[in-house]
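Copied over from TrEMBL, here are the features:
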- B:35-100: domain 'HMA' (DOMAIN)
- B:123-145: transmembrane segment (TRANSMEM)
- B:151-172: transmembrane segment (TRANSMEM)
- B:184-206: transmembrane segment (TRANSMEM)
- B:212-230: transmembrane segment (TRANSMEM)
- B:367-386: transmembrane segment (TRANSMEM)
- B:392-420: transmembrane segment (TRANSMEM)
- B:687-703: transmembrane segment (TRANSMEM)
Amino acid sequence: MQVLTFLIPISLLLGGLGLVGFVYTLRSSQYDDPDGDSQRILSSDWDDKPKP
Amino acid sequence: MTAAIRTQSPSACPACVAAPSAEAIAARAEALKEARIALSLPTIHCAACISTVEQALNAYPGVKEARVNLTLKRANIAADATVDPADLVRLMEATGYEAHELDVATIQATATDKAGRELLMRLAVAGFASMNVMLLSVSVWAGAADATRDMFHWISAAITLPAIAFSGQPFFRSAYSALSAKRLNMDVPISLAILLAVVMSVWETALSGSHAYFDAALTLTFFLLAGRYLDHRTRAVARSAAEELAALEVPRAIRLEDGQEITVPAAELRIGDLILVRPGSRCPVDGEVIAGASELDRSLLTGETVPVAAAVGTLISAGEVNLTGPLTVRANAVGQDTSLHRMADLVAIAESGRSRYTSLADRAAKLYAPGVHALSALSFLGWLIYSHDVRMSLNIAAAVLIITCPCALGLAVPAVTTAASGRLFRKGMLIKHETALERLANVDTVVFDKTGTLTEGTPVLSNLGDHSRSDLEVALALAEGSDHPLSRAITTAARAAGVKPATVTEITEIPGHGTQGIWRGQTVRLGRGDWLGAPAVEITSAWLAIGDAAPVQFGFVDDLRAGAADTIAALKAAGKRVILLSGDSAAPVADLAARLGIREYQANCLPETKLHYIESLSEGGAHVLMVGDGLNDTAALAAADVSISPATALDAARVASDIVLLGRDLTPVAESLVTARKATRRIRENFQIATGYNLVAIPLAIAGLTTPLIAALAMSSSSIIVSLNALRLR
C-alpha cells in the first residue's frame with residue numbers, strides 16, 4: 001500500500017498536466033481552424049526556417 | 001426609441017458631447033493606422049490554396065499580415081487604411097479564387113465563440129476530474145476497505161468539490177433563474193441531484209460510510225455538458241454561416257460632397273445628404289430622386305416583378321434596386337428610420353410562432369421534474385417512517401435522484417438535433433433556431449411567396465415565336481445595347497434561337513425608358529410601354545416600335561427556381577396544403593400557380609395581408625411553414641410556426657426565419673420536412689428509452705438496492721444507447 005502515496009499524486013499530476021495543456025491550447029485559439037491546420041502541415045512554406 | 005439610444009454619447013461629461021468625442025478621434029486615428037479586412041473565399045479547399053492566397057495577399061503593397069482560415073473559408077487581413085478591399089477582391093480573382101468582401105463589424109461578433117470556449121473548458125475539467133475519481137472509485141468497488149477506502153473517498157472529494165463548483169455552473173445558473181421565475185426546468189432536478197449527491201457523499205465519507213457518489217456526480221456533469229456543447233456547436237455553426245451571409249452585404253454608400261464622390265459607410269449617412277445610386281446597386285436610404293432617370297426593381301420590398309420608372313421627384317425607399325441609369329437621391333430618412341427598418345415593427349407586432357411553441361424537452365421536463373422530486377421526497381419519508389434512520393433515508397433519496405437524473409434525457413434532444421442539423425447542413429440548409437426541427441415536423445400547410453422564392457426573380461422571354469424574324473433582329477440589336485434585365489432576357493432568348501442582330505446604328509440608352517437607334521433610316525425604340533404609347537398590360541413587358549408602326553409586345557415570365565416544381569409536387573404528394581401568397585399582380589400569380597399546380601393563391605398581397613392570412617390559418621389549427629424572401633414576407637415569416645428563407649433574401653427576412661436555404665435549389669425544403677419528422681421520432685424514441693430505463697432503475701433505487709457501481713453502469717449505458725439511436729439519423 002506504501003506505493004499509493006507515490007502513485008496517486010503522480011497520476012493526478014500527469015492528468016493535471018494534460019488539463020493545463022488543453023487549457024493553454026484553448027486559450028491560444030488553436031481550435032479556431034481545424035481544417036486549415038490539418039492542411040497546413042502539408043505545405044512546404046517555412047519548412048527550412050520558422051515563420052518570423 | 002432607437003433615436004434616444006443613438007443620441008447617447010459614450011462620453012460622460014457634457015463638454016465632451018459638444019466637442020468631437022475623444023473616442024471618435026481615437027477610433028479615426030486607429031483606422032488610419034491599420035484596417036482589418038475580411039474576405040470570403042468560398043472555393044479554397046487545400047494546402048496549396050492556403051499558401052497561394054496567403055502569398056498573393058502578403059505580397060500586395062500595404063498588406064501587413066494575411067491569414068487564411070480554411071474552416072470558415074475566409075481570409076483575415078491586417079493592412080494600411082489606404083488599401084482598398086475591392087483591389088484585394090480583384091487580386092484574388094486574378095489569382096483564380098472567387099472572393100467577396102465581408103463586413104468586419106458584422107463578423108466580429110462571432111470571431112471568438114466565447115460561450116463555446118467556456119463550455120469546452122468546463123467539459124474538459126469535468127472529464128479530467130471524472131476520470132481521476134473513477135480510477136479511485138474502481139479501486140473502492142474492487143474491494144478497498146477501511147482506512148484505504150476512506151482515503152480514496154477523501155481524495156475524490158478533494159477533486160470533485162472544486163470540479164463541480166466550476167463545471168456545474170451552467171446548470172446551477174439556469175436552475176436558479178428558473179426557480180426565481182417560479183418555474184421548473186430540466187436543470188432543477190439536475191442541479192439538485194448533483195448537489196445532493198456531493199453533499200451526501202461528503203457526509204458519508206466523514207462517517208466512513210461505504211457508498212460515495214462522487215464519480216456519479218462528475219460523470220453526470222460530464223455527459224450533460226457534452227450534450228450542451230453539442231447543442232451549442234450545432235447552433236454556432238449555423239449562426240456563423242448566417243452571419244457570414246449578412247456580412248456579405250457591406251453597407252457602403254457613395255455620398256456626393258461638392259461634386260466629389262466619396263465612399264462612406266452607410267451608417268454615416270445623414271438626412272439631407274446627396275447619395276449616388278449606381279445601376280445595379282441597392283438604395284441605402286429613403287429619399288427623393290433629384291437627378292437622373294432610371295427604373296427601380298421593387299420585388300424584394302413588394303413582390304412586384306414589373307420595374308417601376310423613376311425620374312426627378314420620385315420617392316425611393318431603402319432596399320429598392322436601381323436598374324438602368326445613375327440616380328442622385330436626397331436622403332429623407334436614414335438608418336433605423338427607413339421604411340426598411342419600419343417593417344421590423346410589423347415583425348415585432350406579429351406574435352412569433354417560435355414563442356408559442358413549447359419544445360419537447362421542456363414538455364418532458366414539466367412532467368419529469370415534479371415527478372422525480374415527489375418520488376425522491378416520498379422515498380425519503382417512507383424510509384424515515386420505516387427505519388427512523390435519517391442518514392439511510394437521505395442516502396436512498398439521493399440515490400433515487402441520481403438514478404433518475406436525466407442523463408439520457410439531457411442527451412436525448414441535443415444528440416438528435418445535432419445529427420439532423422448536420423444532415424440538413426450538408427444538403428444546404430442552415431437550422432438557426434433550436435426548436436425549428438420540432439416545429440418543422442408538425443407542419444401541415446406550406447405557404448410560398450412568389451418572386452424570389454418560387455421564381456428566380458430573373459425574367460425570361462415568353463413569346464419569342466410571336467415575332468417576325470426582322471423584328472427579333474432589331475430587338476436583339478437594341479437589347480444588346482443595354483444592361484437592363486429585360487434586355488438581357490431578350491438577348492439570351494434571341495441568341496439561343498439563332499437570331500443575328502440587325503445593323504442598327506446610333507444606339508443610345510435612355511435611362512428610365514429604354515434604348516433607341518436608327519435602322520434603315522427609321523428610328524427604332526425598345527423600352528417601356530408608356531414611353532412608346534403602348535396599352536397598359538398586367539404582365540411584365542417591353543415594347544418594340546419600328547418607325548411610326550404600332551409597338552409590338554415582348555412578354556416575360558419569371559423563371560422558376562430550380563426544384564420548385566419538384567418541391568411542390570413532393571409536398572402535395574405528402575398531403576400538405578400548399579398556398580401561394582404574392583404581392584405581384586393577378587395575371588403572373590395565376591399563371592405561376594397554374595404552372596405549378598397550386599390551387600390556392602392570392603395576388604396583390606400587402607405585408608399585412610400576408611400576416612393576417614398566416615394568423616388566420618394558425619387560428620384555424622393549421623401548422624404553417626412560410627417560405628419567403630422579401631421584406632413584405634418578413635412579418636409573415638415571423639408569425640408562421642416555422643419559416644425558411646433563401647440565402648438571396650434580404651437580411652431582415654433571413655433574420656426573421658428559422659432556417660436559411662443556402663443553395664439555389666428549393667428541393668431541400670421538401671426533404672427537410674421528412675428529416676424533421678424522422679428527427680422528432682428519434683427524440684420521442686430517446687425519451688422512451690430513458691423512461692424504460694427509469695422504470696427498471698427506480699424500483700431498485702427506492703428499495704435501497706443501488707450501489708454507486710450500479711448507478712454508474714446504468715447512467716453510462718443509457719447515455720450511450722441514446723446517442724447511438726440519434727446517430728442512426730445521419
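Yeah, the Cβs are placed from backbone N, Cα and C, and that goes for glycine too.
TrEMBL: automatically predicted annotations, no manual curation.
For the domain 'HMA' (B:35-100), residue counts in helix, strand and coil come to 24 helix, 20 strand, 22 coil, using DSSP. Long-range Cβ contacts of the transmembrane segment (B:212-230) within its own chain (Cβ-Cβ under 8 Å, at least 6 residues beyond either end) map to 116, 119-120, 122-123, 126-127, 129-130, 133-134, 137, 140, 153, 156-157, 159-160, 163-164, 167-168, 170-171, 190, 193-194, 197-198, 200-201, 204-205, 398-399, 402, 405, 407, 410-411, 413-415, 418, 708, 711-712, 715-716, 719. Listed as Cβ neighbours of the transmembrane segment (B:367-386) (distance under 8 Å, sequence separation of 6 or more from its ends, same chain) are residues 184-186, 188-189, 192, 392-394, 396-398, 400-401, 404-406, 409, 698, 701-702, 704. When pLDDT values are averaged over the domain 'HMA' (B:35-100), the model yields 86. Long-range contacts of the transmembrane segment (B:392-420) within the same chain, counting only residues at least 6 positions beyond its ends with a Cβ under 8 Å from a Cβ of the stretch, are 186, 189-190, 192-194, 196-197, 200, 204, 209, 211, 213, 216-217, 220, 223-224, 226-228, 230-231, 233-234, 359-361, 364-365, 368, 372, 375-377, 379-381, 383-384, 431, 434, 437, 675-676, 678-679, 682-683, 686-687, 689-690, 693-694, 697-698, 700-702, 704, 706, 711, 714-715, 718-719, 721-723, 725-727, 729-730.
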